Amino acid sequence: VTTGQVLSLLLLFGLSNWVSAAIRYAIPEEARKGSAVGNVVADLALDLGRLPDRRLRVVSGGNKKYFGVDLTSGALLVNERIDREELCGALSPCVLSFEILMENPLELYSGTVEIQDINDNDPVFPSSQARLEISESVAAGARFPLESAQDPDVGVNSLQTYQLSANPHFALDVQTRVDGSKYAELVLEKELDREEQRELHLVLTALDGGSPPRSTHVQIHIDVVDANDNAPVFNQSTYKANIRENTPSGTLVAKISAYDLDDGPSGEVVYSFSSHTPAKVRELFALDSATGELRVKGQLDYEETKLYEIYLQAKDKGAVPGVAHCKVLVEVVDVNDNTPEVTVTSVYSPVPEDAAPGTVVALLSVTDLDSHDNGLVNCFIPSEIPFLLSSSLKNYYTLKTKAALDREKASEYNITITAKDSGSPPLSAVKTILVQVSDVNDNAPKASQDSYDVYVLENNMPGIPILNVSATDPDLGRNAHLSYTLFQGDPTMGHLFSINRENGTLYLLTSLDHEDQVEFSMMVQVQDGGSPPLATNVSVSVFVTDVNDNPPTVLYPQPNTTDTYTDVVPPGTPAGHMVTKVVAVDADAGYNAWISYTLSQATDPSLFSVGLHSGEIFTARQLREDDASQHTLVILLKDHGEPVLSASATVSISVAEMAKEVLTDLADVAPANDPRRHVTFYLILAVILVSAAFFITMLSVGIFKCYKWRQSKELYNSSRSTMYRTPGPFHHIDAVRGGFTPPNFYHQVYLTTDSRQSDLLCKKPFTSSPLGSRQSTMRNGEPGLYHQIVGTASRLPAPAEQAQPNPDWRFSQTQRPGTSG
């Protein structure tokens with residue numbers, strides 16, 4: 001497989017609101033930093049131009065970030081040195097997982113890179129020399145295990161075979177263990193003879209499968225010793241044991257047993273690890289040389305090694321010790337000893353408070369090194385928070401919103417994620433994620449009052465503050481920054497009032513006058529700084545309260561004029577007679593406008609008095625002949641304000657028999673001709689003429705109505721005397737009219753709704769005159785003639801009989817000549 005070759009196609013599958021895919025690459029270990037793994041943009045069919053805006057990044061577990069993406073080309077690059085033996089050891093294949101995460105919209109692509117082994121390690125023997133003692137009595141075919149070499153490479157680059165230097169006595173048999181590793185045994189092909197050759201020197205070479213292969217060798221020194229009658233023998237060649245990975249140190253794994261038929265020291269057996277047993281195994285297990293008990297020495301780990309193949313040997317204590325070999329297979333049983341691990345891949349914080357339900361907040365990955373149910377992990381969060389966890393890819397979870405957020409209620413959430421496996425007992429891990437909620441302008445400003453009523457004294461100082469409009473906004477930052485604007489329905493309002501945009505203080509720019517305007521209404525808009533901004537309106541009413549700044553104003557008698565108004569009172573006027581009245585007003589309001597009248601000066605104070613609140617001037621006593629003919633009164637008018645304001649009015653009163661005397665007395669002070677007098681004269685004259693015309697018109701109409709009434713009465717009386725020969729009652733015949741159709745064609749009968757008798761008028765044929773009068777119709781009426789009206793149940797009585805009342809009916813009967821009425 002070449003560098004960057006894609007090993008598998010995309011496995012696309014959709015998630016609820018985000019896309020996920022899996023890709024796989026393979027690269028050799030020790031690739032140079034910056035070398036390309038593959039083009040993820042092309043393989044995932046992404047838009048290269050949008051990568052910077054979508055914040056593409058590579059996320060992988062662990063402390064090292066082995067890969068990155070070149071945003072200009074879309075290539076997945078190597079960021080760190082990758083040593084397969086350091087990462088995975090003997091595990092094969094060695095795979096590094098990564099995730100490609102993009103936003104706007106959120107997309108997650110899962111990928112793996114297989115780290116392929118290169119032949120960068122030589123096989124290594126535990127020691128450079130090996131020594132064996134073999135009895136000359138050993139028969140051909142006997143096997144002697146050799147110490148194995150170790151190669152950290154895997155696959156074809158691992159240890160593949162052994163080679164033995166040429167010799168006449170031994171051959172090499174290479175065998176494979178359960179885990180695939182190779183080990184070698186010497187096989188005796190020709191019996192040894194100590195007298196012929198006391199020792200042999202062989203070379204064992206270990207070779208891997210690389211190209212070119214790497215190798216190492218060890219010197220094997222064989223001592224040929226005298227014969228030993230009996231060698232130890234194991235009661236079975238292979239032992240098997242199962243042990244839990246959390247087994248404490250010292251636990252018995254297995255007990256091997258061998259016997260030797262010799263007596264004495266040659267029959268005593270000593271147990272030990274064979275040269276085939278790796279050093280790692282000797283660190284985990286301990287063997288009692290006397291009893292053959294194999295016990296746990298170190299910490300076993302199922303996730304590291306599931307099966308141990310342990311080679312043991314038994315030797316006797318003879319001069320030429322005999323050796324026997326056996327194998328112990330120890331299977332490690334998995335227990336739930338690894339807690340789940342939660343890794344936060346990405347957190348999108350802060351989250352806008354108007355985020356729709358289902359918005360992804362965080363991506364999580366969960367791992368558990370245990371197997372089967374012990375490695376099956378479920379994650380959950382508290383149910384009372386507005387978030388939920390959903391599984392996306394295998395071992396991946398997305399944290400989403402499940403309800404609307406409100407920053408004003410909760411500005412952040414410490415979300416506790418609990419990962420629990422399915423072991424017995426289950427193990428769990430806890431991870432806490434802080435998710436902050438960012439503010440959105442979703443709250444309009446709220447005023448402390450919907451409306452304000454402000455009372456201001458008139459004649460105020462300009463520029464004074466009269467109100468502070470208070471409002472709050474629960475939002476944050478600019479969304480809570482409030483500005484105040486004054487809405488003025490009247491353009492002139494801007495010259496009177498002003499508001500501070502920052503703090504809502506309302507200022508009065510000019511001095512107000514209660515007598516000019518009592519109330520001002522305006523609207524203050526409070527607006528926040530959000531986008532779009534939200535606002536609320538507050539109504540403000542300013543009432544100008546009165547101050548006693550206007551004295552009473554005299555309307556009568558008019559002050560400060562050249563005209564002199566004199567009231568005349570005849571001599572002998574009794575006490576209590578109202579002579580005149582002082583009329584005054586006060587422009588102020590309320591108590592400030594309440595006027596009281598007092599007599600300040602008078603020609604004769606005992607003669608006149610003034611009403612305290614009415615201003616009416618009365619005679620205090622009866623006028624006598626010796627009283628002065630001219631009186632001048634000064635009336636003092638005071639309001640009830642604070643301070644009290646006052647005015648005065650001068651009234652002239654003349655005591656005289658006739659008005660002529662007063663006019664003579666006042667001739668010298670008569671005012672100049674006033675042009676308004678002519679206007680008044682013409683107005684009075686016009687009123688008189690209009691009234692006279694109206695009276696004459698009404699009189700004429702009345703006379704005309706009387707004339708018409710008398711004429712109709714005479715006609716009525718004459719018709720009663722000629723219509724009937726037999727006297728009888730006749731009531732209210734309203735109208736008898738002639739028709740316009742030819743004679744001898746029909747008769748018409750008219751009866752009034754108020755007729756109390758069945759009186760009948762019969763119209764005879766007449767000439768076709770369109771103006772047949774009542775008089776001719778009545779003269780032609782035949783006495784005693786009556787007709788029966790079709791369609792009624794009542795019959796008209798004979799003229800001589802008294803008819804019964806039958807009100808409210810009228811019929812018209814059409815009949816051809818020759819038929820009865």
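Placed from the backbone N, Cα and C atoms, the Cβ positions cover glycine too.
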Subject >> Which listed span TrEMBL calls region 'Disordered', if the choices are 706-734, 793-821 >> reply: 793-821
**OP:** Counting only CB pairs under 8 A, let me know which of 235-342, 343-447, 448-554, 561-673 has the most with the domain 'Cadherin' (19-125).
**Re:** 343-447
Original post:
Same chain, outside the transmembrane segment (681-704) by at least 6, Cβ under 8 Å from its Cβ: which residues?
Top reply: none
Original post:
Would you list the DSSP helix, strand and coil counts for the residues of the domain 'Cadherin' (561-673)?
Top reply: 14 helix, 44 strand, 55 coil
